[in-house]
Amino acid sequence: MADLAECNIKVMCRFRPLNESEVNRGDKYIAKFQGEDTVVIASKPYAFDRVFQSSTSQEQVYNDCAKKIVKDVLEGYNGTIFAYGQTSSGKTHTMEGKLHDPEGMGIIPRIVQDIFNYIYSMDENLEFHIKVSYFEIYLDKIRDLLDVSKTNLSVHEDKNRVPYVKGCTERFVCSPDEVMDTIDEGKSNRHVAVTNMNEHSSRSHSIFLINVKQENTQTEQKLSGKLYLVDLAGSEKVSKTGAEGAVLDEAKNINKSLSALGNVISALAEGSTYVPYRDSKMTRILQDSLGGNCRTTIVICCSPSSYNESETKSTLLFGQRAKTIKNTVCVNVELTAEQWKKKYEKEKEKNKILRNTIQWLENELNRWRNGETVPIDEQFDKEKANLEAFTVDKDITLTNDKPATAIGVIGNFTDAERRKCEEEIAKLYKQLDDKDEEINQQSQLVEKLKTQMLDQEELLASTRRDQDNMQAELNRLQAENDASKEEVKEVLQALEELAVNYDQKSQEVEDKTKEYELLSDELNQKSATLASIDAELQKLKEMTNHQKKRAAEMMASLLKDLAEIGIAVGNNDVKQPEGTGMIDEEFTVARLYISKMKSEVKTMVKRCKQLESTQTESNKKMEENEKELAACQLRISQHEAKIKSLTEYLQNVEQKKRQLEESVDALSEELVQLRAQEKVHEMEKEHLNKVQTANEVKQAVEQQIQSHRETHQKQISSLRDEVEAKAKLITDLQDQNQKMMLEQERLRVEHEKLKATDQEKSRKLHELTVMQDRREQARQDLKGLEETVAKELQTLHNLRKLFVQDLATRVKKSAEIDSDDTGGSAAQKQKISFLENNLEQLTKVHKQLVRDNADLRCELPKLEKRLRATAERVKALESALKEAKENASRDRKRYQQEVDRIKEAVRSKNMARRGHSAQIAKPIRPGQHPAASPTHPSAIRGGGAFVQNSQPVAVRGGGGKQV
């Protein structure tokens with residue numbers, strides 16, 4: 001770098017005109033100007049490098065503020081221009097203005113045009129590379145305006161301790177149009193909002209960075225300069241702007257960052273030893289612009305309205321403090337090998353002279369310590385030492401083939417000492433001639449070693465960062481692996497439990513199949529008994545038909561007798577009373593017989609009521625049994641095979657009940673016929689005075705009724721036996737369920753032990769580098785398995801609810817039917833129909849359960865396959881973890897060997913890379929404006945020629961091409 005020089009920060013003050021709202025409000029214009037560098041506010045003067053009044057044009061502001069910085073940047077200096085002020089004070093108008101309006105454009109578009117114009121007028125031996133970046137600081141986060149996906153960039157420092165934004169997009173440009181297109185693109189992504197004071201209020205600090213690198217193709221001298229163009233967001237008072245919600249949060253962050261900027265300015269102005277650059281990302285980025293290696297110009301924008309007087313004073317005070325800050329600037333130059341060599345030789349000679357001076361002073365000190373008195377003319381003299389240094393430096397510049405002249409020795413030596421020194425000097429110059437080539441080689445070697453050292457340091461730092469990142473990633477993957485192991489083990493345990501339950505269910509299905517076979521045998525026996533009963537019923541039907549015929553014959557004879565008696569009564573009046581008396585007597589006998597029959601019927605009704613009460617009790621017991629059966633069925637819902645056997649048994653019961661219904665219908669018909677026959681027989685017996693025959697008929701009827709009663713009683717007893725059998729079956733099922741619960745508890749204890757064992761084993765796993773994709777696949781498979789099991793459980797639960805609802809509905813209907821009709825045969829029919837409905841519903845439930853069982857059996861192979869696949873994945877994960885550990889140990893052993901190769905690769909990569917992203921460099925040559933389209937990679941030639949090509953194009957003066 002060149003020699004250092006100090007310069008103050010330049011502060012320019014600009015006042016905007018009163019806006020429409022301020023004029024409508026009647027605000028006063030409070031600014032008074034004294035000359036071109038002073039403004040008076042409330043009788044207090046504020047002096048700056050330049051003060052611009054409200055009528056100043058954009059071009060005049062640019063010429064005074066920024067035009068000189070263009071030359072500085074192209075000569076290798078860093079430059080910064082930023083606008084500061086309250087909201088709606090004209091900062092964005094000053095920095096950007098109307099980008100494509102020749103009169104209204106601000107500093108940024110004008111300075112871009114001037115940079116290229118200045119380049120075109122420079123020496124043709126210079127070659128320029130220009131790249132631009134555009135980012136904003138929004139909510140104290142750095143956001144790339146050229147790539148909106150980069151929303152939180154970080155600030156780092158390069159090897160020279162200069163801050164830069166890491167990862168920010170850098171674009172190479174070769175014409176003003178390309179730069180303006182980049183600005184338009186970034187501006188469209190910037191955050192703006194509407195407030196009470198500004199319709200286009202900037203909600204972020206925007207920074208447009210232009211990086212210019214130039215190289216002299218003849219002297220190989222390289223210069224670089226950076227230009228920061230900053231448009232700060234304005235400070236806000238919430239009471240004036242009316243900010244709410246997100247706009248209020250933005251205002252808080254804006255005021256916070258501007259406060260940090262004010263603290264930095266104050267610390268620099270006061271000469272504080274500590275400057276709080278790190279309080280804000282904005283001050284961190286502008287660290288070199290404030291008190292560092294940069295020529296900085298601050299444009300403070302103020303409002304002349306009395307409404308904003310306090311904010312205007314605060315802005316002016318900020319500018320006055322900033323004006324006192326001094327920056328130390330120097331040219332950013334990259335020395336060539338020859339320049340480094342000359343500098344090395346110069347420093348080496350200075351070091352040699354200093355050694356001689358030290359030796360002289362040590363000799364003089366030793367003489368003083370030994371008690372000698374050194375004369376004044378032999379004592380050390382600084383002027384003589386400087387003369388000696390000048391003489392030595394002058395002699396070094398001579399060519400090596402010229403004879404060396406003796407250097408006068410400082411002090412008054414004896415002749416012998418002087419001759420000795422001259423001989424020694426001659427020898428030294430001869431050695432210098434011999435060592436010139438060695439010095440050149442050493443200087444080149446030093447340059448290479450420095451480059452290698454820097455590369456190694458950078459590589460070591462990047463390797464350490466990569467190692468830390470890999471270690472963090474490894475720890476995270478290890479934690480995820482542990483969690484996935486736990487999940488897989490839990491799922492495996494659940495699958496094992498399902499497999500055990502399935503085996504138990506299969507055993508129970510076999511048991512129930514055997515029970516079903518036994519019940520089938522019993523059903524065959526019952527069918528044989530039912531066949532015998534059918535034969536007896538057939539005999540009864542034949543007897544009834546015979547009695548019907550006999551009763552019909554007796555009725556016909558009785559009608560004939562009654563007709564004859566009627567004729568006799570009608571023809572013989574004397575016999576009419578007798579006939580009447582005989583008829584009355586016969587009716588009396590009939591009434592007596594009927595009254596007897598009524599009494600018998602009443603007794604039968606009482607007996608029927610008793611039977612009904614008994615049947616009601618039995619129904620209640622049946623309901624209780626049905627409730628118990630429902631509870632059993634809820635348990636049986638988990639044991640599908642048991643439900644199958646019970647439903648088959650209920651089908652058999654349904655057949656029996658249907659047969660009983662048919663027999664009851666036949667018996668009821670016979671009972672009606674018998675009652676009619678009884679009436680006929682009574683009339684016949686009364687008419688013919690055959691009481692004995694009537695008694696026999698009555699006894700026969702009573703015998704038939706008694707047989708019917710006994711048959712009904714047998715049916716009731718058989719139903720009771722069946723209920724008792726079902727109760728016994730329910731008790732057995734409860735015992736089996738209790739055993740299963742005990743078995744489940746034992747399995748749970750074993751599960752806890754296995755789980756503890758698995759947890760102890762899982763602690764031994766420490767590292768996992770790969771297999772993330774396989775773990776995700778296993779998780780998806782397990783998720784599908786869980787969904788399948790959940791669906792099956794939900795189906796069983798729905799079936800249980802439907803069964804309970806249907807059973808409750810049937811019980812309710814049965815109670816209503818019993819309360820509505822208490823007749824004998826009708827009540828039996830309703831109960832039989834109720835049982836039929838129950839049986840149909842149970843049949844449907846049974847079929848549904850059979851289908852569900854079949855579906856579960858179909859799903860079982862899939863689940864077993866998934867279980868095996870999961871086990872294989874677990875084994876693969878364990879083997880992969882083991883391999884990862886082995887690979888890690890091998891990698892550590894090969895680390896030293898790999899470092900050397902990585903250094904070479906990184907060094908070549910760094911030489912080829914010119915930024916954070918790979919782009920095509922577009923060199924620019926002075927000579928003439930470009931004529932190529934900005935959409936194609938092109939370069940500029942002096943004389944007006946240009947070339948379009950897919951590769952970077954270099955341009956030289958004179959119109960010649962160079963690809």
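Keep in mind that glycine also has a Cβ here, set from the backbone N, Cα and C atoms.
DSSP gives T87 (ATP binding site) a coil state; it is part of no helix or strand. Counting every protein chain shown, 24 other Cβ atoms lie within 10 Å of the Cβ of T87 (ATP binding site). Swiss-Prot lists G85, Q86, T87, S88, S89, G90, K91, T92 with the feature ATP binding site.
If you look up Swiss-Prot, you'll see 329-914 marked as coiled coil.
Cβ neighbour count for K213 (SUMO2 cross-link): 20 (other Cβ atoms within 10 Å of its Cβ, all protein chains included). Under DSSP, K213 (SUMO2 cross-link) is assigned to a strand (E or B) in the three-state scheme. Here Swiss-Prot flags K213 as SUMO2 cross-link, drawing on a large-scale study or a structure entry.
When averaged over the domain 'Kinesin motor' (8-325), pLDDT in the model lands at 87. Annotation comment: Swiss-Prot describes 8-325 as domain 'Kinesin motor', evidence class sequence analysis.
Under the heading N-acetylalanine, Swiss-Prot lists A2.
Marked as phosphoserine by Swiss-Prot: S933.
Annotated omega-N-methylarginine per Swiss-Prot: R956, in sequence order.
Annotation comment: Swiss-Prot describes 908-963 as region 'Disordered'.
Swiss-Prot lists 915-963 with the feature region 'Globular'.
Q86 (ATP binding site) sits 35 Å from K213 (SUMO2 cross-link), taking the C-alpha atoms as the reference points. Of all the binding-site residues given, namely Q86, S88, S89, the one with the smallest number of surrounding CB atoms inside 10 A is Q86. Annotation: G85 carries the greatest number of neighbouring Cβ atoms among the binding-site residues G85, G90 [cut-off 10 Å, Cβ to Cβ]. The CA atom of G90 (ATP binding site) is located 32 Å away from the CA atom of K213 (SUMO2 cross-link). Rounded to a whole value, the Cα-Cα separation of K213 (SUMO2 cross-link) and T87 (ATP binding site) is 36 Å.
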